[in-house]
Amino acid sequence: IWMDFGKNTPQRPGGLKQCFVSALLYCTGEMQQLHTHMQDKFFPLQLVEGCLRGISRVILLNNPLSGALILAALLLESPWQALLGMLGLLASTFTAIILGQDCEEVSSGLYGFNGMLVALLMGVFSSAGDWYLWLLLPVCLGGAATTFLSSSLAPVLDRWDLPVSVFPFNTVLLLYLVCTGTSNPFFPNHPAQPPGAPESINHTQLHVPQLLQGVVLGVGQIFACGTVGPSLLILVAVFLFSPILAVYALLGSGISTIAGLSMSVQHSFLYSGLSGFNGALGCMVVGVFYILSWRTHLLSIANALLSAYTDIALSNLLGVLGLPASSWAATLTGTLVLLLTGKNLKEYRIPTGKVTSPEQNLHSHKQWSAANTNATDV
Amino acid sequence: IWMDFGKNTPQRPGGLKQCFVSALLYCTGEMQQLHTHMQDKFFPLQLVEGCLRGISRVILLNNPLSGALILAALLLESPWQALLGMLGLLASTFTAIILGQDCEEVSSGLYGFNGMLVALLMGVFSSAGDWYLWLLLPVCLGGAATTFLSSSLAPVLDRWDLPVSVFPFNTVLLLYLVCTGTSNPFFPNHPAQPPGAPESINHTQLHVPQLLQGVVLGVGQIFACGTVGPSLLILVAVFLFSPILAVYALLGSGISTIAGLSMSVQHSFLYSGLSGFNGALGCMVVGVFYILSWRTHLLSIANALLSAYTDIALSNLLGVLGLPASSWAATLTGTLVLLLTGKNLKEYRIPTGKVTSPEQNLHSHKQWSAANTNATDV
Amino acid sequence: IWMDFGKNTPQRPGGLKQCFVSALLYCTGEMQQLHTHMQDKFFPLQLVEGCLRGISRVILLNNPLSGALILAALLLESPWQALLGMLGLLASTFTAIILGQDCEEVSSGLYGFNGMLVALLMGVFSSAGDWYLWLLLPVCLGGAATTFLSSSLAPVLDRWDLPVSVFPFNTVLLLYLVCTGTSNPFFPNHPAQPPGAPESINHTQLHVPQLLQGVVLGVGQIFACGTVGPSLLILVAVFLFSPILAVYALLGSGISTIAGLSMSVQHSFLYSGLSGFNGALGCMVVGVFYILSWRTHLLSIANALLSAYTDIALSNLLGVLGLPASSWAATLTGTLVLLLTGKNLKEYRIPTGKVTSPEQNLHSHKQWSAANTNATDV
């Protein structure tokens with residue numbers, strides 16, 4: 001499609017705008033057209049599409065182009081970690097194929113994102129330096145383990161119509177870090193610092209521009225990116241799938257940073273975006289699983305707050321043992337938010353199997369409401 | 001009712017006794033009459049009734065007058081903490097109304113007691129002193145968070161006909177204490193001491209009167225009351241709802257204290273009632289959810305023991321990090337006891353939705369049994 | 001049966017071989033014949049059979065003769081601990097009878113093995129020395145507590161057709177050890193060492209014969225046996241029930257030892273079999289709950305690996321507090337493996353209620369498949 005688009009541009013400057021719009025429309029949202037288009041194509045191409053979707057699934061998207069943008073961001077951040085991530089993604093996807101998981105689920109990237117995150121974070125926490133090739137071994141094993149966990153947790157969580165989300169990633173990462181520790185002769189790791197460590201008396205003044213930068217970095221930290229460029233690229237990837245989600249990501253990261261300030265966590269946590277990413281995820285979960293309205297908007301803010309405070313608590317708790325809380329907080333509060341029973345919210349909840357982009361959810365909800373009103377009129 | 005009763009007393013000394021008895025009958029048990037009476041009344045009065053029921057729910061009662069007595073006990077213990085408790089109660093009740101939870105459940109106090117307990121304990125653990133007004137902020141947030149958790153846990157636990165009980169309180173309190181810690185500049189907390197700390201070599205002789213006082217204080221410690229007066233008032237509140245439960249509360253606290261002795265916990269834990277309240281709750285849970293018989297009586301003793309030992313274990317475990325085990329033990333063992341599948345006990349189990357006072361349970365069970373026998377005779 | 005067999009031997013040397021074969025066939029597998037034979041017999045004999053089956057249940061067998069062999073191994077290892085184990089077994093079995101659990105389940109040993117394991121391990125961790133009679137008290141209480149937990153967890157796990165397995169044992173043991181600690185005046189315990197402790201720099205060369213011995217000891221360590229003789233006897237007991245399971249036990253222990261090597265755990269852990277027993281259990285779980293095929297064979301190896309690494313992680317984590325990970329790892333990964341949803345494995349999964357020995361599973365699966373093929377032919 002991009003090829004065609006490139007070819008056509010010079011000839012027809014008038015059609016350029018129209019062509020651009022239609023290409024944009026094609027590329028945004030779920031790109032369902034590409035997915036159906038791909039089903040006749042041969043296996044490697046399908047695999048590439050599935051993997052790219054898998055990358056975007058980490059941040060609650062479902063769009064291969066967003067996945068490609070995020071991959072570019074990761075390569076920009078660190079080629080070694082991007083390689084590890086891709087290996088973990090492939091390991092978990094192939095394990096899913098071997099286990100005989102549902103083809104449709106595999107090709108939409110549902111079994112890849114946990115493996116990718118585990119691999120990325122293994123690389124981030126490894127203190128053996130880049131291009132330490134022995135790390136490929138645990139990355140493959142860890143990726144495979146996430147698929148085992150995904151496959152096992154699915155029937156349990158399915159009883160309450162809950163997604164598996166990143167529970168496998170969080171579990172496997174924690175087990176790996178506890179298993180190896182900081183002084184393992186083969187796979188040594190950096191210890192994680194608790195955000196509210198007693199030695200963190202903040203003598204220095206708060207630096208507002210750095211704080212605002214931390215809000216943007218919070219979106220990048222979902223993929224363990226701590227620099228501005230890749231974080232902005234990831235934000236663009238989110239924007240491509242859904243502009244609403246991009247706003248929610250920034251909003252959640254901002255709320256989370258304020259929550260961090262209120263608990264006076266170390267300034268380095270605020271500046272690096274580490275205190276922002278759980279809030280961003282918490283806010284986005286509501287955006288994805290609930291139809292947009294002012295009620296669910298308030299819910300997303302509440303969940304971002306809850307997620308942020310839970311993250312500080314878990315980070316303090318696990319930090320005692322030198323372990324990171326990764327995205328446990330957002331995963332737990334996100335799961336709880338999907339279980340809410342209040343009737344003011346329940347009507348806005350989208351069944352897990354029917355989740356698409358917020359814009360499309362809103363659209364189909366309006367259509368459905370209109371149809372419903374007409375039906376009751378007659 | 002109390003007003004009428006007051007007016008009539010001087011005129012008719014003969015009717016006094018009768019009037020007193022009918023007033024007592026009216027005030028004991030669930031006070032279902034008042035509840036139906038209230039449904040036509042305007043909102044603030046309903047709210048007051050709901051809140052008072054909510055206070056009594058903490059200790060497994062459902063009686064607004066018991067709630068008022070407990071509130072008086074809390075005011076006697078510490079006006080500041082009573083204020084915090086009421087604020088937490090209101091915060092969680094209003095959150096339930098905003099979320100659109102079932103009206104009947106809200107007005108019977110089901111969404112208030114967790115918020116109240118969190119607020120009370122936040123006040124107890126705060127090392128910033130009384131009337132530290134910044135504490136009102138986390139109290140409101142914590143109260144709201146318990147309602148979120150209650151609403152989310154309900155559909156999960158409902159699958160096995162289990163009540164939400166005080167899981168939200170325990171979770172939110174633990175997260176708050178881990179989040180803030182002992183050296184937070186805004187919300188510092190006292191650390192909790194593990195009961196079996198190595199430094200606790202008990203040189204001193206055991207003081208039996210203090211031990212007996214500790215048994216009574218164990219009932220008060222359910223509301224974090226460490227003095228005799230309020231504890232006795234709380235016991236009276238329990239007695240008003242159900243004399244059987246009052247006996248169970250003392251029995252459980254006593255068993256729990258013996259369990260504490262057998263594990264040689266620090267004497268201060270025994271004297272302050274801290275080692276008694278989980279046993280009291282564990283014993284009362286069986287009294288409320290099972291029809292009274294000698295089998296369930298043995299079960300209540302077994303559960304009090306189990307609850308007491310679990311509490312010592314969890315207190316030791318969490319005490320390493322300076323955290324309290326609050327009522328985790330009673331909540332967990334209480335939940336397990338409601339799941340028991342043995343046929344000797346299952347017939348005595350009351351479905352969660354039909355739980356009233358033990359006396360009324362016993363009464364309706366007898367009626368039901370008699371009706372059943374008659375039916376089979378014909 | 002053994003009596004008859006003994007009487008007949010001297011007279012007819014020709015019939016000896018035949019008699020021996022039929023006796024062997026009678027004794028292997030589930031010994032269902034004996035079980036049906038026993039149902040008319042009086043209660044104590046049934047109880048003995050149930051208890052012996054209970055002993056064998058620990059290691060996923062269901063054969064009273066295997067139970068007797070294991071009991072012999074325990075007596076050989078330490079008469080005191082064997083006594084404790086038997087007491088725990090009786091305590092939990094009688095609690096199950098009192099609670100009114102299903103008779104068939106009690107007599108097949110389902111409510112005994114958790115109590116036995118708890119009692120055994122209480123003896124192993126006690127630092128008060130052998131024949132410290134006060135220990136009989138917690139052993140009885142602990143045994144009873146496991147039955148409570150088994151009875152409560154059954155309806156929860158049953159929703160996903162999962163067995164209770166040794167969750168109650170692991171929970172009660174952990175609570176007991178946390179409750180008493182290392183300096184309790186009545187029930188002091190040895191602290192557990194984490195396998196990857198920082199001080200464990202392995203200066204010495206690896207000793208291969210000791211390593212191989214550790215693989216055999218890994219099977220014995222399921223019953224906390226650290227010497228070769230009893231471990232071999234336990235292996236014979238497994239072989240009697242199912243030769244396939246015996247191979248799986250050794251295979252799992254071997255894989256687990258390799259996993260331990262890859263994480264460079266302390267050599268003492270490898271030599272003592274402590275790093276092997278979770279892998280052995282993990283491997284055997286797949287052997288018991290899945291029909292043997294090359295796919296499930298790979299799964300058993302994968303699960304042994306997963307179980308071994310999880311055990312190292314949990315041992316490191318709990319070792320910080322001086323607590324052992326016992327068989328948490330094998331129990332958790334075993335439960336996850338039974339939940340796997342992939343269609344390549346699901347067809348091999350045996351429903352929990354229909355599990356027998358791997359040989360019989362294979363046999364009945366073949367018959368069933370053949371019958372199915374015939375049915376579709378017609």
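Cβ atoms here come from the backbone N, Cα and C positions, even for glycine.
Predicted automatically and left uncurated, TrEMBL annotations should be read as such.
What TrEMBL lists as transmembrane segment is A:82-99 (among others).
The feature transmembrane segment is assigned by TrEMBL to A:106-125 (among others). For the transmembrane segment (A:106-125), the residues of the chain that approach it from at least six positions outside its boundaries are 35, 38, 46, 49-58, 62, 67, 74, 78, 80-81, 84-93, 95-97, 135, 138-139, 142-147, 149-151, 164, 166, 168-169, 172-173, 176-177, 189-190, 192, 223-224, 324, 326, judged by C-beta separation under 8 angstroms.
For the transmembrane segment (A:131-154), same-chain residues at least 6 beyond its ends with a Cβ under 8 Å from one of its own Cβ atoms are 80, 84, 87-93, 95-96, 99, 101, 110-111, 114-116, 118-119, 122-123, 164, 167-169, 171-173, 176, 180, 186-187. Per TrEMBL, the feature transmembrane segment maps to A:131-154 (among others).
Here TrEMBL flags A:166-187 (among others) as transmembrane segment. Remote same-chain partners of the transmembrane segment (A:166-187), defined as residues 6 or more beyond its termini with a Cβ less than 8 Å from a stretch Cβ, comprise 58, 113-115, 117-118, 121-122, 125-128, 134-135, 138, 142, 145-150, 153, 318, 321-324, 326-328, 331.
The transmembrane segment annotation in TrEMBL covers A:232-257 (among others).
Per TrEMBL, the feature transmembrane segment maps to A:269-292 (among others). Panel annotation: around the transmembrane segment (A:269-292), residues 59-60, 195, 207, 210-211, 213-222, 226, 231, 242, 244-245, 248-257, 259-261, 299-301, 303-308, 310-312, 325, 327, 329-331, 333-334, 337-338, 345, 348-350, 352, 355, 357-358, 361-362, 365 of the same chain, lying at least six beyond its termini, place a Cβ under 8 Å from a Cβ of the stretch.
For the transmembrane segment (A:312-340), the residues of the chain that approach it from at least six positions outside its boundaries are 121, 125, 157, 160-163, 165-167, 169-170, 173-174, 177-178, 182, 191-197, 222, 259-260, 263, 265, 275, 277-279, 281-282, 285-286, 289, 299, 303, 306, 346, 349, 352, judged by C-beta separation under 8 angstroms. If you look up TrEMBL, you'll see A:312-340 (among others) marked as transmembrane segment.
What TrEMBL lists as region 'Disordered' is A:356-378.
Listed by sequence, the residues of this chain that lie at least six past the ends of the transmembrane segment (A:232-257) yet keep a Cβ under 8 A from its Cβ atoms are 27-30, 56, 59-63, 65-67, 69-70, 72-73, 76, 211, 214-216, 218-220, 222-223, 225, 270, 273, 275-284, 286-288, 292, 300-301, 304-305, 307-308, 311, 357-359.
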